[in-house]
Amino acid sequence: MYVLCLAWLRCCELLAVFVGRRPAAVLLLWSSGSCGRSLGEAPLLKVQDVDPGRGRNIPQIITTPELESMILTVPDMELSKLRTRPLSAASVGSVVIQDRLSELVRLFKGRTERQRDRLVDPDESEGESPSEKKEEAPAEAEEEEEEEKLGFSFELLGHPVKLPKLPKLPLMPDWLRAIVEYRFPSSIDPFTDLIYVIWLFFVVAAWNWNVWLIPVRWAFPYQTPENIHLWLLADYTCDFIYITDILIFQPRLQFVRGGDIVCDKKDMRENYMTTERFKMDIISLFPMEIFYFFTGVNSLLRFPRLLKYMVFFEFNDRMEAVMKKAYIYRVIRTSTYLLYSLHINACLFYWGSDYEGLGSTKWVYNGRGNAYIRCYYFAVKTLITIGGLPDPTTVFEICFQLINYFVGVFAFSIMIGQMRDVVGAATAGENYYRACMDSTAKYMNSYNIPQEVQNRIKTWYDYTWKSQGMLDEQELLVQLPAKMRLDIAVDVNYAIVSKVALFQGCDRQMVFDMLTRLKSVVYLPGDFVCKKGEIGREMYIIKQGEVQVVGGPDLQTVFVTIRAGSVFGEISLLAGGGGNRRTANVKAHGFANLFILDKKDLAEILVHYPESQKLLRKKAKKEGRKKERKKERKKERKAIKLKERNKKFIHSSTHLPPSPPFCPPQAPSSISPLPPPSPMHRRSPIPRAPVQDDDDTVAETADSSVIIRMTPRHQGEEVLSVEVVPGEGREEQH
């Protein structure tokens, strides 16, 4: 019996699946239960189609009323018997089957209700779709997470303990987040990596600590037992920076081998270990501090730290490469050399005074005031040879002073010469500009150039220098390789040239080649860039400023204003035959910086790009036809206006007052009584598309004594004739 029940349950599940796929079905189930029902009496389940006419079959489960009114009755029995009496296999199977059937009924009902709601109102049922119900679980999980964030709870000795939530930390600044998220690279480019330049600054600071303070601590009594721990802390901090540089940074520096940049860790480490710098770095860390046990803390034992001088010169090179105005750093560095020489002389003077005895003679330091400041003052007066110093009395003082004078003159002359070179290099460009301007002024004065022209030339020099920082950009670029010139031209000018409609659609490499041929020219306010009728040999691209197309009898009428990023003169440049003359007058409005492309250069470029050449010629012809059509429209409008004006004139002439009685003239018979025909007048010279009008325009006076006739001819010509009608018995005159 138990096996039959299990088989029956499996059949029910298969039928349920079948009902889910095939809505048109009827399912009959029987259950043999022991809870107040006889064998074979089970609720009847019917699966029918709902709304078959709507095109979608939805199963509906109909149960018999007996299932809902069924009450489970248990006979009166002792609880002990119920607990001790084991359940039979049939009873267990019946209960399981009944629970399974109830679950199936509940699922079928839910599915039917959802399908019915979706068909009745699809919009409202979307909010109750199963997908949204699935999303309720993540929403509940988020609520639980928020509750957990509000506090932290745990049990302590069986009692719940809840701690309040800790306050949120403030947002981390961007610069601090960048430092935290920074990952140390496996290889470092010593020429372009800014992090390496910053690290060199710390290494140079540690080196300068040793360079400046080792002599001070040796000569002056500033290192005492009370502050010795501070001096040692600073010393060992500098040593730690040295060690970090040797172990971490220097073995990661990239280098060039055979033209290739090597980034392998092993190769970079081996390359560093074979350099002279590695040897000096190792010697600079020689631990001579072990002699502190015999001599005490003597700063002179740290003199090997000064051998790491290569980092100082490397830092200078990197700073000059990074800074926009490197000459400022060069001036500061040269001044520092002078200050350091005075610093060493001050330390030696205090040491000599201490050797002779402080205050023993007038020449030595007397021990009053600040020792370093007074000794530094003595060093300045000695090296610069100002004079006014007390005369040395002992042999030691005389020798010391002689050495001071010789070194001072030699060192000071070197510093002055180096400072002159630095300042001269910083102002070399401006000196060249001044020399060119002076030469030009001398030339103009020798040939008596008008003052107005001289002022314009001087204005051009001044504006060009201030806007570009040089008179000719090509002088700078000619020193670079072609690839670097192309890179600079692309970075500086491609953003402007790419916006020109004429070059859109052309080969990108053709545009790059054209960028290297562009020449920058500055025009002053009022300068004519080109004039009508000139032979066009250049094309212009406006880099900065504006130009105006002008005309009229005095060339003061502005037709159009062309702004930055536009191009003009391209038709004359691309046209062949005799069509390369300028068609308009273009004048600079204010200061205008233009790119000029020569016709010869463009032809050399287009030889290698035939497709771009065809495209440019096609665009040039299209622009030419467009301009020709504009001119024709203007001529047609003028012709129409002129004809309307003639018609108005004729119409107004018909309202003339009546003419007096006709009196025949007393003339010999040889003279013809008819007046000569009116001369032809070319009213509207229209070479193309003339206005066709074959009808004569006739007008007459009120008394019909005068008739005015307008007769059209070929090629837009018109003949105006006036007829005078004579009185009775007189001839008609033409």
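Each residue's number is its place along the chain shown, starting with 1.
Each residue, glycine too, has its Cβ placed from N, Cα and C.
Lifted from TrEMBL, the feature list:
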COMPBIAS  657-679  compositional bias 'Pro residues'
DOMAIN    502-606  domain 'Cyclic nucleotide-binding'
SIGNAL    1-16  signal peptide
TRANSMEM  194-216  transmembrane segment
TRANSMEM  228-249  transmembrane segment
TRANSMEM  282-301  transmembrane segment
TRANSMEM  327-351  transmembrane segment
TRANSMEM  402-419  transmembrane segment
Distal contacts, the transmembrane segment (194-216) - CB-CB under 8 A, six or more residues away: 188, 222, 234, 237-238, 241-242, 245, 249, 253, 299-300, 302-303, 305-306, 308-309, 311-312, 314-315, 318-319, 322, 340, 343-344, 347, 372
The domain 'Cyclic nucleotide-binding' (502-606) [mean pLDDT, rounded to integer]: 84
Long-range environment of the transmembrane segment (402-419) - Cβ separation under 8 angstroms, sequence gap at least 6: 331, 334-335, 337-338, 341, 345, 382-385
Secondary structure content of the domain 'Cyclic nucleotide-binding' (502-606), with strand meaning DSSP E or B: 23 helix, 46 strand, 36 coil
